[in-house]
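Annotated features in TrEMBL:
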TRANSMEM  73-97  transmembrane segment
DOMAIN    102-262  domain 'Sodium/calcium exchanger membrane region'
TRANSMEM  103-122  transmembrane segment
TRANSMEM  134-155  transmembrane segment
TRANSMEM  167-190  transmembrane segment
TRANSMEM  202-224  transmembrane segment
TRANSMEM  244-263  transmembrane segment
TRANSMEM  347-367  transmembrane segment
DOMAIN    353-495  domain 'Sodium/calcium exchanger membrane region'
TRANSMEM  387-406  transmembrane segment
TRANSMEM  418-443  transmembrane segment
TRANSMEM  449-470  transmembrane segment
TRANSMEM  477-497  transmembrane segment
Amino acid sequence: MGTFSSCHECKFYSCYLYHGTDSLPSETHTVTSCEPLNGNRSFRWTLRRADTLMEQPEIPVTEAPSVWGSMKAIVFASWLNVLLVFIPISWAINFALPDQHTLIFIFTFLAIMPLAKLLAFATDELSLRVGQTLAGLLNATLGNAVELIVSIIALSKCQLSIVQSSLVGSVLSNLLLVLGMCFFAGGLRFSEQGFGQTAAQLNSSLLTISVIAVLIPGAFHMALQGQAQYDEVTVDDKILKTSHGVALILLFIYASYLVFQLFSHKTLCDDDNEEMQPTKGYEGENPFRLYGRSGRKNMADGEMVSSPSLAHEEEGATTASVSRAEGGMLDVEHGGPEIEALEQPQMSVAVCIWLLIVVTVLVAVTAEFLVDSIDGLTATGSISKEFVGVILLPIVGNAAEHVTAVTSSVKDKLTLSLSVAVGSSIQIALFVIPFIVTLGWIMNKPLTLLFDPLESIVMFLSVITVNYVVQDGKSNWLEGMILMCLYLIVAVTFWYYPGTSIVNTMSPSPRR
């Protein structure tokens with residue numbers, strides 16, 4: 001199995017270099033000269049390269065386990081599976097005690113969290129079987145499936161304020177809480193953690209564009225409000241049409257972002273990117289004493305590390321230095337044949353697909369009960385609908401992502417943590433929000449980009465704060481503490497915020 005790399009020494013777009021072995025292990029074919037590929041040969045090599053990116057996994061996969069082994073892997077996939085018991089409990093309470101809205105909300109809230117984790121688990125398993133491009137598309141499509149399902153159900157019930165506040169809350173949760181916890185947890189072990197500065201700035205630019213798209217309808221509404229020649233119905237209609245056009249543009253930006261990330265500039269998100277800032281350990285003893293008592297050696301200040309592996313964990317291991325080549329092969333420097341790095345799947349493809357189908361159905365049914373209970377929960381006045389949408393609902397879909405991102409940052413895989421936290425925010429802002437607006441257009445629901453003024457301002461200020469934090473390409477525990485405290489400020493504010501009726505000024509269109 002070989003790999004392809006673009007030729008940088010000529011001007012022929014169709015010229016690629018092929019490294020590795022063909023179908024026969026004993027035959028090695030290496031292109032050492034640069035020559036253009038024309039006609040059928042160029043077309044054949046281009047198809048093989050596309051097949052590698054889309055269908056062939058980056059790391060070879062071993063034989064899948066049996067159905068019983070796959071089911072066992074599902075059961076022990078996460079400790080959150082303990083909460084699966086709340087699925088039948090929440091359903092039973094919904095049918096037996098339909099007036100107990102608080103109990104229904106609590107139990108459905110707890111039931112969706114493990115379902116979100118299983119959805120992510122099935123997506124990761126499917127990603128092992130396909131190429132890096134298709135794997136990226138899978139994660140991009142199913143990464144925020146729970147938020148998307150909840151939003152669609154709320155949209156179908158004309159709960160427009162819940163749709164908007166939950167999507168804004170997902171962005172805030174990922175940018176402030178998840179990213180802050182990643183920086184804080186990693187900072188307790190490392191003095192500084194580095195990441196790609198260019199990729200971080202690009203992500204900040206995309207988030208800024210999405211926030212501007214949310215702020216413009218508010219400015220539109222404020223500019224025309226109070227003018228005699230424009231009544232409220234006319235202004236609402238213009239804002240609705242403006243939102244539809246902006247939503248389509250945002251979807252185009254997100255599609256361009258996928259092409260940029262997965263095809264043209266995919267190396268920007270790699271850990272071995274040349275512009276990656278190095279990670280530094282604490283000077284002398286770790287002041288937080290997380291590893292001092294166990295006798296682990298602390299890294300000196302300024303020492304560059306590429307992973308959190310410590311010296312005593314490597315004793316007794318082989319002295320061969322192994323580095324992964326481009327095609328997933330391992331090159332042993334101290335002699336010996338080339339060995340192939342194999343990925344061990346935990347589920348078969350059939351079980352993965354069935355798990356995705358079953359979990360999606362369970363999430364849809366449970367989310368419908370959750371949305372139906374919100375009005376009864378907030379009718380008592382003890383909790384506001386804005387707090388439910390901005391703070392509580394995002395926890396449902398982001399709980400699994402929180403654990404993954406924080407665990408990765410402790411292992412000095414901050415690039416993965418950023419892709420989970422910031423990448424999820426970009427997907428919500430540039431894909432889920434405009435997609436829901438477009439879907440509302442199709443369903444004849446008057447959902448616009450005219451968000452609650454406080455929600456829009458808080459999201460704008462959060463994006464600006466994160467932009468300042470990541471602009472140097474380094475992180476520490478204090479920056480994480482700042483982001484988490486800002487999220488607490490937002491939570492306290494929305495606890496007492498009564499909300500406005502700006503998103504409800506537009507009368508819902510008659511249901512078809």
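Using N, Cα and C of the backbone, Cβ positions are placed for all residues, glycine too.
Automated prediction, rather than curation, is the source of TrEMBL annotations.
For the transmembrane segment (347-367), the neighbouring stretch richest in Cβ pairs under 8 Å, chosen from 73-97, 103-122, 202-224, 387-406, is 103-122. Recorded stretches compared: 73-97, 103-122, 167-190, 202-224, 477-497; the one with the most Cβ pairs under 8 Å to the transmembrane segment (418-443) is 167-190. With a cut-off of 8 Å between Cβ atoms, the residues of this chain six or more beyond the transmembrane segment (73-97) that come close are 65, 103-104, 107-108, 110-111, 113-115, 117-118, 121, 346-347, 351, 355, 362, 365-366, 369, 372-373, 399-400, 403. Counting only same-chain residues 6+ beyond the ends of the transmembrane segment (387-406), those with a CB under 8 A from a CB of the stretch are 78, 80, 109, 112-113, 116-117, 120, 144, 146-147, 150, 161-162, 164-166, 168-170, 172-174, 177-179, 181-182, 185, 370, 374, 377-378, 416-417, 420-421, 424, 455, 490-491, 494-495, 497.
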